[in-house]
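A.B. asks: Below: one structure in structure tokens.
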Amino acid sequence: MDIRRDFHMAEGEGEWSYSKNCRRQQVAVRETRPMVETAVKQVYAALLPRTMVVADLGCSAGPNTLLFISSVLSSIAAAAAEQCKPPSGGGDDDDHHVELQFVLNDLPGNDFNHLFRSVEEEFRRAAGCERAPHPPYYVMGLPESYYNRLFPRQSVHLFHSSYCLQWRSQEPEGLEAWRKPCLNEDNIYIARTTTPSVAKLFQEQFQKDFSLFLKLRHEELVHGGRMVLIFLGRKNEDVYSGDLNQLFALVATALQSLVLKGLVEKEKLESFNLPVYGPSVGEVEELVTRSGLQFSMDLIKQFEMNWDPFDDSEGDNDVVVVEDSARSSVNVAKLIRSVLKALVVRHFGEAVLDACFAEFRRLVAEHLGKEKTKFTTIAMCLKKE
């Protein structure tokens, strides 16, 4: 599995596309908007850059990037207003006006065509609206893994990444498809039957990747620059108890059913491990501290959202099951299919896609009928001193 080559969200605008099934991420972007706005205002007020470089890492091709761009622009306009200074050109004071360069980054397989069509449509829509002036801004794409260097040293003022850093740069070292015998039989992530030694391989891959990510971004950030990072995690320290564990265990069970039906070779399943890991807040804080880098943590928090991206109910302690598990299971299946499609097709072939996620939907309905499960999200803001 070559993650840089193979991994991307489902393209286009159809029923199964990521752009049509990313509402959960959209809700989270709104949930963390105050965090982004605060970071933008702090960077602007402290540095007063003439050109402010803002990078969205793992932008995908859904509407969430447009929400992020809008949030940054409105925050700059508000910060400029607080300083009694218009954010865009005019008059003799142009040397003090900021221009923004947005850099939208994702892997080369991302649907950048759809992304930039959406950006252009937003440009046109915004041009026809009366709103407070915002600074001039420019948008470019950068197809590359964020586990590589992306920018010159000390050139970026703000990094943003939403629902990406749970993904690893590769399958855990030691679990590659070519290795025999299979060490994580019938599983594709950390499950109840995963041995502690295999769970440790997933943890170590996260530690390696996240430490590298911090190092690279530290080199690229200006002093006083910030990173707002939002990603899936787990709510306690038990590596076997995360919400992702339950979710991907159901995907594995769906694939196992295809093996029993003769649609998938058992060896194929045994050689498939997802490049993913949901850390705890404690693990994240420890890696930031261990890095020895000049990062201060402005904020770190976690919050939960229902598996069903269209279920916004708070779900108090008395509500333990989903009221309409059949409907919710369809929404969950569409979301996970839009995320995993490229990896499943690359490894098992497109012919199994419908059968796999039909069975997954059935399993999710059964699960949600017994237990209302939530995603745990970690949100953090780091400042480079």
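Numbering starts at 1 and runs along the chain as it is shown here.
Cβ atoms here come from the backbone N, Cα and C positions, even for glycine.
Keep in mind the model is a prediction, meaning the values are calculated, not measured.
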A.B. asks: Using only what Swiss-Prot says about S-adenosyl-L-homocysteine binding by Cys59, Asn64, Asp106, Leu107, Ser145, Tyr146, identify which of Tyr18, Tyr189, Tyr240, Tyr277 is listed for that site too.
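C.D. replies: For the S-adenosyl-L-homocysteine site that includes Cys59, Asn64, Asp106, Leu107, Ser145, Tyr146, Swiss-Prot also lists Tyr18.
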A.B. asks: Looking at Mg(2+) binding as recorded in Swiss-Prot, which candidate out of Asn148, Asn184, Asn331 goes with Glu270, Phe272, Asn273?
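C.D. replies: Same Mg(2+) site in Swiss-Prot: Asn184.
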A.B. asks: For the C-alpha pair, I'd like the distance in angstrom between Leu107 (S-adenosyl-L-homocysteine binding site) and Glu270 (Mg(2+) binding site), rounded off.
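C.D. replies: Roughly 26 Å, rounded to the nearest whole number.
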A.B. asks: Fewest neighbouring Cβ atoms within 10 Å: which of the binding-site residues Tyr146, Trp167?
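C.D. replies: Sparsest of the binding-site residues Tyr146, Trp167 by Cβ contacts within 10 Å: Trp167.
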A.B. asks: For a quick check of understanding: given the listed S-adenosyl-L-homocysteine-binding residues Tyr18, Cys59, Asn64, Asp106, Leu107, Ser145, Tyr146, what is the maximum Cα-Cα distance in angstrom, as an integer?
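C.D. replies: Farthest-apart Cα atoms in Tyr18, Cys59, Asn64, Asp106, Leu107, Ser145, Tyr146 are separated by 20 Å.
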